[in-house]
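Q: This structure is in structure tokens; I'll ask about it shortly.
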Amino acid sequence: MSSGGLLLLLGLLTLWAELTPVSSKDHPEFCELPADSGPCRGILHAFYYHPVHRTCLEFIYGGCYGNANNFKTIDECKRTCAA
């Protein structure tokens, strides 16, 4: 294989590694769930883990239901899902 082909292969493998979400073995499965504000109408600042960006982001939680990917602090989110 030519050096250009090897360079292209290396680039594609690097891109794949960056875009592949962290496996659920590294954190609980609920960390893969999308942010869910729930049906209530409260305005509570909360955090959820975003698996594609591999970081915790803020969202508005309505105060009821939703899902387990919902944390009161960014530190709690990071300890649970981004560690």
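From the backbone N, Cα and C atoms, a Cβ is placed for every residue, glycine too.
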Q: Choose one of Cys56, Cys64: the cysteine that Swiss-Prot connects to Cys77 by a disulfide bond.
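A: Record-based pairing for Cys77: Cys56.
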Q: Quick test of reading the record: Swiss-Prot lists a disulfide for Cys40. Which of Cys64, Cys81 is on the other end?
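A: Answer per Swiss-Prot: Cys64.
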Q: Return only the integer: C-alpha distance in Å from Cys81 (disulfide bond) to Cys64 (disulfide bond).
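A: Distance (Cα to Cα, whole Å): 21 Å.
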Q: Report the mean pLDDT of the predicted model across the domain 'BPTI/Kunitz inhibitor' (31-81), rounded to a whole number.
A: 98
Q: With DSSP helix as H/G/I and strand as E/B, how many residues of the domain 'BPTI/Kunitz inhibitor' (31-81) fall in helix, strand and coil?
A: 10 helix, 15 strand, 26 coil
